[in-house]
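Novice: If you scroll down you'll find the structure; I have some questions about it.
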Number of protein chains: 2
Amino acid sequence: MPHHKSSYTARAASFKNPTASRLLKLMDEKQTNLSIAADVTTKAELLKLADVLGPYICVFKTHIDIVTDFDQDLIKQLEALAQKHNFLIFEDRKFADIGNTVKHQYSQGVYHIASWSDITNAHPLPGEGIIKGLKEVGLPLSRGLLLLAEMSSAGSLAKGAYSEEAVRMARRNRDFVIGFIGQRRLSVPLDAGQEQEDDFLYLTPGVSMAQPGDSLGQQYRSPEQVILESECDVIIVGRGIYGAADPVAKATEYREAGWAAYQKRLGVSQ
Amino acid sequence: MPHHKSSYTARAASFKNPTASRLLKLMDEKQTNLSIAADVTTKAELLKLADVLGPYICVFKTHIDIVTDFDQDLIKQLEALAQKHNFLIFEDRKFADIGNTVKHQYSQGVYHIASWSDITNAHPLPGEGIIKGLKEVGLPLSRGLLLLAEMSSAGSLAKGAYSEEAVRMARRNRDFVIGFIGQRRLSVPLDAGQEQEDDFLYLTPGVSMAQPGDSLGQQYRSPEQVILESECDVIIVGRGIYGAADPVAKATEYREAGWAAYQKRLGVSQ
């Protein structure tokens, strides 16, 4: 059976990485494949989103480096909210440097990302050294890494052979790389000796039920397109939810749409 | 005459971007095409490097997000040292997200990079929206942007068509994009109506006169290879200088090697 036809929980066992297993199980427990992209610039807004939307999401995605009044207390409070509402934290750092540099960026500096973010992501662009550098820091902490195989922005150069190479790097580092940021489940020729594609998580940004895009090249797709047609696992929604007059109502709408698409994919009648 | 056969000063006039002109002129004035990659993790080390090596360099390259005791006073002191020793600051942020996100990352957060860094850089990977987003912030401040056309790490995916697309994006945004991080001056077919390749600055990391590489995929080349054979403009040296027993002696050595290669390229007898 293809991976995407199995339930999240059933797939959890095939992942050695504990963060991947935890995420898959909590998605079925909470009945949500919704992630919120919390692109806000103040500590108060960020914590409010985490508390108000926490019950409806599986992953809380941050850009910690756009928060102007960041401090260590923000991290403490965010971790408490993750515990309270049972979601994972995903710092969307998009690491994109050589191994020796990302190692420092991930563990040190003001943010100490590795110390609090369950999941982070990286571009495979610099070559496999970026994964090795991050893994030195993240694996002992049981963290998980997503690779950016594709981007949803107009004119993206992450496509074709580039995306295939991302999958090959992931296969070679499955203890740490748990999946991809991408627009569709990728089909890449198997390596010699490989009988079936390894299972990976696919988290998909650029999801909206209304907007066609913004003036800076972002393009949007619906939950159904992403989960059902493109066989991805998690929908990431940003301004479509936190920019709405009633964010909780919107989150509920997206959660239901994402979950219905997942049930349909499994062949569960509703 | 090909651009790289002209002096830095002669080339300054063809750049509309004031940061590019300033950099080219100060390189001839200070007789240096050396940039230091200050990959240190404390405020004290960073400021010491800027003060001690300032007289020998044209560009001071930072990874501000690996400095564990970062504070606003660090920026104030760094700006004062840039003034004292006449060098430009280049925050090697490697932006790699969609336009709307990088706009915030560049201007806001704890670092406010745009407010103090003369030059920053970005991956063209997400498409042209990344340049537009950064430009909205940087152009009014007269900042300059470098695109990463190639990387020096093993297995880099920034090559071939990817690098060519970086050049085309740069041509379309020459008011803000002043050049590239790359391993060699790129030769890309001219656009319709274009008579000569636009002049761009090429800054080259991964330069060392001794080391063959590290265990995380970094590969090294000599100043002569970079300036003379590959026709780049600025050599970026990291651990080869600041990791030496006598950093000033090493910086002098690299500065002389880089400058001699430039003089040879111009056909100046010594």
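Note that the numbers count up from 1, one per residue, in the order the chain is shown.
Placed from the backbone N, Cα and C atoms, the Cβ positions cover glycine too.
According to TrEMBL, the protein carries these features:
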| type | residues | note |
| --- | --- | --- |
| DOMAIN | A:33-254 | domain 'Orotidine 5'-phosphate decarboxylase' |
| BINDING | A:ASP39, A:LYS61, A:SER152, A:GLN218, A:GLY238, A:ARG239 | substrate binding site |
| ACT_SITE | A:ASP92 | active site, for OMPdecase activity |
| ACT_SITE | A:LYS94 | active site, for OMPdecase activity |
| ACT_SITE | A:ASP97 | active site, for OMPdecase activity |
Novice: Given A:GLY238 (substrate binding site) and A:ASP92 (active site, for OMPdecase activity), what distance in Å do their CA atoms have, once rounded to a whole number?
Specialist: 13
Novice: Given the recorded positions A:ASP39, A:LYS61, A:LYS94, A:ASP97, A:GLY238, which pass a C-beta cutoff of under 8 Å against chain B? Sequence order please.
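Specialist: Out of A:ASP39, A:LYS61, A:LYS94, A:ASP97, A:GLY238, A:ASP39, A:LYS94, A:ASP97 lie under 8 Å of chain B.
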Novice: Please determine which of the recorded positions listed here (A:ASP39, A:ASP92, A:ASP97) has the lowest count of neighbouring CB atoms within 10 Å.
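Specialist: Lowest Cβ count within 10 Å among the recorded positions (A:ASP39, A:ASP92, A:ASP97) is A:ASP39.
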Novice: Return only the integer: C-alpha distance in Å from A:LYS94 (active site, for OMPdecase activity) to A:SER152 (substrate binding site).
Specialist: 14
Novice: Might you list, by sequence position, any residue in that chain lying six or more from A:LYS61 (substrate binding site) with a Cβ less than 8 Å away from its Cβ?
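Specialist: Result: A:SER35, A:ILE36, A:ALA37, A:ALA38, A:PHE90, A:GLU91, A:ASP92, A:ILE236.
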Novice: Among A:LYS94, A:ARG239, all listed as recorded positions, which has the most CB atoms within 10 Å of its CB?
Specialist: A:LYS94
Novice: Provide the number of Cβ atoms within 10 Å of the Cβ of A:SER152 (substrate binding site), excluding the reference atom itself.
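Specialist: Around A:SER152 (substrate binding site), other Cβ atoms within 10 Å: 23.
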Novice: Using C-alpha atoms only, work out the spacing between A:ASP39 (substrate binding site) and A:ASP97 (active site, for OMPdecase activity) and round it to an integer in Å.
Specialist: 23
